[in-house]
Amino acid sequence: MGSRPVATVGALAVACLVLGGCVSAKHAAGAGDPQRNADAKHATLTISTNAISGGKNAQEADWITKELIPAFEKAEKAKGRNVTVNYQANGIDDAKYGEKLELSLKAGGGPDLFVVGGDSIATYAAAGYIAPLDKVVGGEANSWTGWKQVDAAVKKNVSMNGRYYAVPNGVDGRVLYYNKKLFVKAGLPADWQPTSWADILAAGRKLATLSGVTPIQINAGTPMAEATTMQGFLPLLAGAGAEIYDAKAKKYQGDTKAVRDVLSFYRTLYRGAKLGDPRLQQDPNGRDESFTEFSQGKLGIIGESDYLWRSVVCPTKSVCNATAMPDRNSTVGYAMIPAERPGSGVGGQDFVSMSGGGGFTINPHTKYPQQAWDLLTFMRSATQIKAQLGSTVQITANKQVNDEILARDPALKFIADKVIPITRFRPSEEHYTSVGALIEEATGQVVAGKPVDEVAKAYQQGVVKLVGADHVSSN
Amino acid sequence: MLFVAPALALIAAFLVFPALWTLYLGVLKYDLAGSNAAAPQFVGLGNYRDALTDPRFANSLLLTVAFVGLSAVLGQNVLGFLLAAVLRDAASWVRGVVNAVVLLAWILPGTVVVFLWQALLDRGGGTLNALLGTPGAAWTLDHPLATIVAFNIWRGTAFSMLLYSAALGAVPRSQLETARTYGAGPLRTLRDVVLPHIRGHVLTNTLLITLWTFNDFAPYMLTGGGPDHRSETLPVYVYRTSIEGGALGYGSAISLIMLIVNLAIALFYLRLLRRRSA
């Protein structure tokens with residue numbers, strides 16, 4: 001008797017092995033009828049983002065709970081529909097939030113509406129966590145009038161194989177921020193625009209003469225996670241003339257000259273010339289610490305997205321908390337990221353950038369696809385986009401809104417006008433996230449002192465194991 | 001047989017089934033996202049081969065052995081015994097105070113304790129740096145293994161202390177007196193009088209704290225496994241590969257290896273215990 005349950009479970013497990021895919025059965029169903037429950041008397045929807053009132057991205061959380069939800073519920077009522085919207089607030093590391101979201105989606109649950117980054121679309125779609133919007137809600141996803149206000153590149157960032165997977169929120173760009181006061185003190189121009197990596201290092205060497213100042217912060221290592229790839233490695237790689245994934249040849253960069261150039265730059269920065277602080281790259285809170293140092297005038301140059309300008313060092317204490325800089329507009333300068341040498345960037349460019357950004361998407365397993373689509377289009381109307389921003393400025397996915405608000409902020413205008421036109425997006429390929437993890441590991445090893453050739457070789461092996469030798473270029 | 005059936009059913013549901021499920025996941029290429037999340041591929045022993053040839057796994061195993069050896073087998077054991085021995089003859093209020101303080105470290109939730117330790121070790125405004133006059137010393141970055149060893153000794157000594165207090169109570173005072181009368185020093189007394197009485201307790205205690213420490217996840221909250229994998233014990237390695245890295249199948253394979261190591265440790269101690277009673 002005692003051994004029977006064991007035997008039953010054992011037999012089940014064996015059956016799984018033979019039949020294959022006991023773990024995958026749940027997702028096989030995919031999206032159902034887009035019109036299901038469209039006439040339900042009462043519907044409940046859940047939105048989740050990584051924002052929380054009084055903490056991380058407080059502005060966004062307040063907008064959702066205080067403006068969006070009441071306004072939407074009212075509008076639905078006017079249409080004779082009863083919809084309740086719940087908000088799941090979070091205030092954690094972006095990487096941890098992603099893991100949490102993936103785990104809940106994997107378990108067949110998850111919120112009805114959530115944000116998916118452009119770089120995650122391929123991997124989420126392959127897992128069945130998201131589906132093309134026209135499949136989830138029907139043809140109206142393609143005929144939505146709001147698409148007219150969206151820039152082509154931004155549309156592409158939320159699409160795959162010509163189908164929309166999300167409605168975009170906006171777009172960001174990467175630049176080099178620098179502290180003008182420190183620059184003047186070190187004998188550098190307050191109006192600075194480097195044209196090569198050597199220029200960045202030269203400025204760093206001058207800043208190194210100031211005491212108590214870390215000259216340069218270019219993110220590296222695993223604790224910074226995606227901030228390492230987006231703010232550090234990928235812009236540098238673009239400057240060395242390569243994109244991480246060649247969509248035409250279907251090949252990732254392996255142990256190539258461009259990759260070695262980037263790793264060598266890191267080595268010079270952190271080991272050779274000692275212009276960066278390796279500790280910041282190893283500390284689990286290193287990125288926040290780098291923000292604190294920059295806001296206190298202890299860091300000369302930092303590569304970051306417009307997020308730093310908007311949400312970290314903004315003059316408003318209630319938005320930027322401890323890292324707010326009342327004198328931001330006069331102290332913080334911004335410059336385009338130069339290619340390794342003039343003209344050596346991707347597409348022969350002199351300057352480069354990387355852009356991210358994603359959009360809200362609808363869980364294919366939602367009970368109320370039509371109500372969810374209503375909410376999605378409602379929240380991406382010009383009125384709600386402006387409500388979301390409040391007094392802050394951001395490059396949104398709506399051209400009309402951008403025309404109105406960007407004039408209020410010269411730095412955002414600079415990024416919209418100068419950086420976005422030359423920027424690159426991360427590949428929409430399902431292995432990108434794992435390749436990104438290998439990149440983080442490789443940069444971390446270089447900062448820790450391992451020789452570039454050795455690290456590049458190990459990185460190449462990792463990528464080959466992931467995608468197969470046919471999909472990796474090396475030279 | 002009928003009477004043990006409910007117990008066996010529970011064991012089957014909560015121990016045997018998860019173990020078999022782990023075994024099953026371990027032979028799949030099964031990821032948190034991507035196409036292998038929707039349709040896992042059967043890879044046989046591939047995950048195990050990968051683990052056994054991965055230098056990160058070897059590094060992790062070595063670190064775990066060092067972590068368990070230094071913090072549990074040596075640290076908690078010896079410190080717990082010393083506290084118990086010293087407190088045995090101490091005034092009752094001293095015993096009460098020390099007991100309360102040591103127990104507090106043990107009963108507080110892990111997250112709270114880790115938060116306190118972060119405040120203690122912080123390189124900017126940490127208490128330890130203020131006390132030692134070493135501003136800017138990055139303890140968790142420069143000495144990650146030592147940090148988690150010290151942390152685990154501090155956190156877990158209470159259990160050993162309690163167990164040894166009880167065990168020492170079983171050593172007859174008359175024998176201690178006799179030893180003293182014949183001029184035996186403290187080491188001699190310990191070896192010939194005390195240890196024979198408490199050998200079973202030592203083994204049981206060591207078995208328990210070894211298993212707990214082997215599977216302890218708290219180091220992750222303190223150092224995140226870093227820098228550069230220098231405090232990445234096996235539980236942390238499993239978490240980082242399966243959740244952070246999304247390789248659920250690979251993580252399951254490592255979990256199963258951990259399960260086997262746990263069984264081996266348990267069998268080893270149980271055998272020692274049995275030899276004693278035979």
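The count begins at 1 with the first shown residue.
Glycine too: its Cβ is placed from the backbone N, Cα and C atoms.
The shown structure was predicted, so the numbers you read here are calculated from the model rather than taken from an experiment.
Annotated domain 'ABC transmembrane type-1' per TrEMBL: B:62-269, in sequence order.
The transmembrane segment annotation in TrEMBL covers B:61-85 (among others).
Under the heading transmembrane segment, TrEMBL lists B:97-120 (among others). Counting residues 6+ beyond its ends, the transmembrane segment (B:97-120) has Cβ neighbours under 8 Å at 83, 87, 90, 126-128, 151, 154-159, 161-162, 217-218, 221-222 in the same chain.
Positions annotated as transmembrane segment by TrEMBL: B:153-172 (among others).
Annotated transmembrane segment per TrEMBL: B:193-214 (among others), in sequence order.
Sequence-distant contacts of the transmembrane segment (B:247-270) (same chain, six or more residues past either end, CB-CB distance under 8 Å): 19, 22-23, 25-32, 36, 40, 43, 47-48, 50-51, 57, 203-204, 206-207, 210-211, 214-215, 234-235, 237-239, 241. The transmembrane segment annotation in TrEMBL covers B:247-270 (among others).
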* Using a Cβ cut-off of under 8 Å, list the residues of the same chain at least 6 residues beyond the transmembrane segment (B:153-172) that approach it. => 71-72, 75-77, 79-81, 83-85, 87-88, 99, 102-103, 105-107, 113, 193-194, 197-198, 201-202, 204-205, 208-209, 212-213, 218
